[in-house]
Structures are given as structure tokens and as C-alpha cells.
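*Asks:* Mind having a look at this structure? Questions to follow.
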């Protein structure tokens with residue numbers, strides 16, 4: 001009608017041109033696209049903030065002098081000076097000095113962390129107090145910040161299962177709308193009042209404009225982008241949209257004990273010498289025990305070595321060291337064959353403990369881990385080690401229970417020790433004496449009961465269980481292999497991040513459902529109105545201008561609702 005009015009004149013009809021309408025429709029659509037792009041830009045603000053965290057230069061020590069160096073020229077092994085108030089340029093290990101570091105931009109925790117010589121520092125974090133020097137260990141794309149940015153970008157670009165359903169619906173929706181528009185045109189041509197062809201064209205165009213599935217297409221991805229971005233700002237790195245969606249369906253959470261619920265820093269609490277043993281003092285027993293694990297990476301072994309060093313005991317170089325999975329270790333120290341580990345190890349080697357079992361039971365009931373020590377197949381005594389719970393662990397576990405989740409503790413500790421620690425944490429269900437290689441089987445067994453399970457862990461031996469779980473959650477203080485095996489990585493060291501992850505997931509899915517409800521309701525109500533179903537009774541028609549405005553408002557409403565996620569607290 002607008003572009004070819006002469007056709008109507010030749011047919012003897014009065015043409016109604018719509019130059020102003022066409023201009024208004026284009027203006028409203030472009031205006032809607034502008035606000036939509038602006039709002040979508042805000043959904044990815046988390047990545048922009050992360051990119052802005054990186055320091056621009058670094059003070060590299062060259063020949064004993066400070067040289068201000070561009071970030072792309074910093075290399076692994078460089079010694080870098082950081083003064084108070086400056087950003088740490090790259091990841092590294094402190095070689096000189098100490099300070100308090102604000103790691104809130106990475107972990108989400110506002111309290112500065114004290115750092116000293118040999119402690120690790122993270123690039124882009126803020127040095128709040130003293131000056132120190134550190135050795136660069138990771139630069140460029142290998143830094144923690146770069147990995148976080150990459151994870152967030154990948155998560156924001158991924159599709160949630162619910163989005164695939166929406167895509168399927170949309171694939172049928174478009175041809176259906178075209179069909180409705182054609183039927184509208186035909187009905188108005190045949191049954192509509194004069195000028196019927198003009199009204200038919202106007203309603204045909206109104207249906208096509210108002211039925212644009214923009215809001216439907218934006219409903220899920222915008223919420224996912226905001227949700228994963230908010231997660232990154234709070235120290236929660238989500239691998240993909242599917243993990244974010246599945247987390248809201250969890251009903252069971254299994255926690256590894258050491259390093260997850262506890263601090264992962266065990267200390268020696270008791271040294272008990274067996275009567276008539278070949279050692280004459282607690283120091284001698286500790287010396288033999290610590291010497292056997294001088295180069296061990298096991299936390300319990302490290303605790304004994306640390307205690308011996310504190311007492312300034314001279315340790316002996318061990319020979320033929322062997323780690324026995326789930327049992328303990330064997331080594332040769334000062335000509336003696338040392339066997340050290342749990343009760344199962346002693347029984348398997350036919351070592352008569354002669355009363356030590358009763359003492360071990362008392363220690364276990366106190367939440368301590370008793371470690372038996374023998375030399376040349378003769379029992380020497382027990383060294384007990386204990387690891388305390390992380391701060392507020394019991395509170396966070398109670399909060400998880402209040403969300404309707406079942407909490408389970410999984411550990412290789414003996415039953416008595418495990419139960420004592422679980423009691424302190426407020427956990428009722430405990431799976432104890434589980435060997436590392438059997439953790440995944442335990443997760444599978446829980447899943448077979450119809451449970452949707454999350455596994456929370458931090459060590460190499462947790463990796464198979466993290467992969468078996470529906471959602472694997474790795475504590476960021478753990479190993480790289482655990483983080484690679486997980487669906488969600490917590491950059492902070494406590495389990496508060498688990499609680500935040502579940503709240504974030506539930507809020508995100510709630511917003512997605514609200515968006516989809518709005519998008520479907522908008523189309524379900526306004527498409528029939530645009531087609532003219534209200535005209536016979538109320539003489540109401542939707543003009544193309546109104547249709548364009550409604551379509552733009554619909555898209556902006558969906559994005560604005562997604563942006564609400566940024567303001568919802570994770571408490």
C-alpha cells in the first residue's frame with residue numbers, strides 16, 4: 001500500500017499510504033535493538049571487569065635494579081617487586097618479605113590474606129601493606145586470572161539443556177507464525193470490512209512484527225551470561241551452562257573430609273610409646289616416624305616432619321620409601337624397616353599390637369587419626385594427628401540442610417575418627433574407611449538410589465569421584481587435576497562457595513523460567529489480538545507501530561529481568 005499505491009488507484013480503491021508508519025516501525029525496532037544491545041552488554045560486564053583487573057606494568061629486578069616492564073615482556077622466573085597499594089602483576093611465590101593481600105577480586109572474600117615467604121600470590125590481586133619480592137611462576141594466558149576469564153567466556157557461550165528445548169520450540173514457532181499471518185490476511189480479505197485489502201495487509205504485518213521470537217531467544221542466554229558472571233565475581237567458576245542448570249536440581253552433597261571440611265593442615269597431638277618397645281622416648285619415636293616420611297607429600301607425613309623440625313630433631317635420610325594406598329607407608333631408616341599406617345596395615349603384616357588398639361580407639365573417639373609405627377615387625381607406638389574444621393563449616397552445612405539438601409561426609413579415616421569429626425560438623429551420614437579408588441563407586445551407589453549428587457573435593461584422589469558425580473565441585477585450594485575434573489571450581493578455600501553456587505543456580509533457573517513465561521505469554525496473548533480476534537466484539541486492532549513497540553518492550557523486559565540477578569544476594 002505504501003510503496004505501490006498506484007495499484008490500488010487502478011483498481012478503483014482509495015490508497016492509504018503508511019510512510020509515517022513504516023518510518024515509526026523501523027525507528028522503534030532500531031531503538032529496541034539499541035536498548036537490547038546496551039542491556040546485553042551489561043550482562044557480560046563481569047568479563048570486562050575481570051579484564052580490567054590486570055596490572056599494566058611490573059617492577060622486574062634486573063641486575064639488582066628495578067625496571068618497569070610491560071606485562072607482555074614479563075617471563076617465568078623473573079623476580080618482581082610489589083609495593084603497598086600496587087597490584088600483583090602475575091602469579092608467583094614470595095621470595096622475600098611479607099604482606100596482606102586483598103584477593104576479593106578472585107575469591108570473593110573481602111578480608112585480606114596474610115602472605116609470607118614461600119606463599120603463593122595471584123596476579124591481579126592487591127597488595128595492601130608491606131613490600132615484598134616474588135618469583136613469577138605463571139604469566140600471560142597461564143595465570144589464574146586468564147584461566148578465570150577463559151572459563152567465564154566458555155560458560156557464557158555454552159547452551160543449557162533448557163535452551164535446546166527453546167530452540168526446538170522456536171524452530172516450529174516461526175513457520176507457525178507465518179502460517180497464522182497468511183491465514184489472517186486471507187480471513188480479512190474475505191470477511192473483513194472495507195477497505196479489506198488495506199486492513200488485511202496491516203494485520204498481516206502486525207502479526208509478523210509482534211511475533212518476532214526475540215524475547216524467546218534472549219530468555220535463557222542472557223540469564224546464563226549474568227549468572228556465570230555473578231558467579232565469577234563471587235569466586236565461583238562454572239564450566240558450562242549445563243552445570244549451572246543441573247546444580248539447582250541437586251538433593252545430595254557429598255563432602256571429602258581432608259582439605260574440604262577440614263583445614264588440611266593436620267598437627268601432631270599425641271605420641272604414645274608401647275611398653276617395652278625398642279625406643280626410649282617420644283622424641284626418638286617421632287624422629288623415626290618423621291624420617292620415614294621426610295620426602296612424603298601426604299598431609300599426615302608432613303605434620304610429623306613439621307613437628308620434628310619444630311623440636312629441632314635431626315632427621316635421617318630414608319631408603320626404599322614406598323606409599324601403600326589406603327594403608328600407610330614403608331621405608332628403611334637407620335637400618336630398620338619401618339612400617340607406618342592404619343590398623344589394617346598392621347594386621348596385614350601380622351604385627352601384634354599388644355594393647356595399642358585400645359589406646360587408638362580412645363584417640364579415634366576424640367576425632368584424632370592414630371598412626372601405628374613398627375620397626376622390624378615389632379610395634380613401637382602410636383602418633384596421633386588431628387585436623388581441625390574450617391571456620392564456620394557447621395554453619396554452612398546447616399544452611400545447606402535448610403535448602404533441603406542431604407549432606408554426606410566421605411573419608412578414608414577409620415569409623416570412630418570419622419564419626420567424631422562428623423559430629424562436630426553436624427553431619428549424620430558418614431561413609432568411612434573408603435579407599436581413594438572406591439570413592440567414585442560410592443558416588444555411583446548413591447546415584448543408583450535416584451539421588452542427584454554433587455561431590456565436593458580438593459585432591460588428586462577426588463578426581464574420579466568429581467567426574468562420577470552429577471556436579472563435581474572443586475575447592476580452589478586443591479590440585480589442578482581436581483579442578484579439571486570438576487563442573488564448578490571455587491577459588492576460595494571454604495565451603496561457603498558451595499552454598500553460594502546452589503543459591504546462584506536456583507536464582508538463575510528461576511529467572512529463566514520467568515523469562516520464558518513472559519515470552520510465551522506475550523506471544524500467546526498478542527498474536528491473536530494482532531490477528532484481529534477482538535475486532536468483532538470490541539473493534540480493537542493492533543497497529544504495526546504498536547506491534548513494533550510491544551516487540552521491543554518484550555525483549556528489553558526479558559533482558560532487564562535477567563539483569564536482576566546481579567542484585568540478588570547469594571545468602
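Going from the start of the chain as shown, residues are counted 1 onward.
Using the three backbone atoms N, Cα and C, a Cβ is placed for every residue, glycine included.
Remember, it's a predicted structure, so these values are computed and weren't measured experimentally.
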*Asks:* If you look at how TrEMBL annotates this chain, which of 169-191, 238-260, 261-283 comes out as transmembrane segment?
*Replies:* 169-191
*Asks:* Taking the domain 'P-type ATPase A' (53-153) alone, what is its mean pLDDT?
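*Replies:* For the domain 'P-type ATPase A' (53-153), the model's average pLDDT rounds to 88.
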*Asks:* For the transmembrane segment (541-563) against the transmembrane segment (169-191), do we get 3 or more Cβ-Cβ pairs below 8 Å once near-sequence pairs (under 6 apart) are dropped?
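*Replies:* Not in contact, no.
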*Asks:* Go through the chain and flag residues at least 6 beyond the ends of the transmembrane segment (169-191) whose CB is under 8 A from any CB in it; none is fine as an answer.
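*Replies:* Tertiary neighbours of the transmembrane segment (169-191) are 197, 199-201, 203-204, 207-208, 211, 213, 216-217, 523, 527, 530-532.
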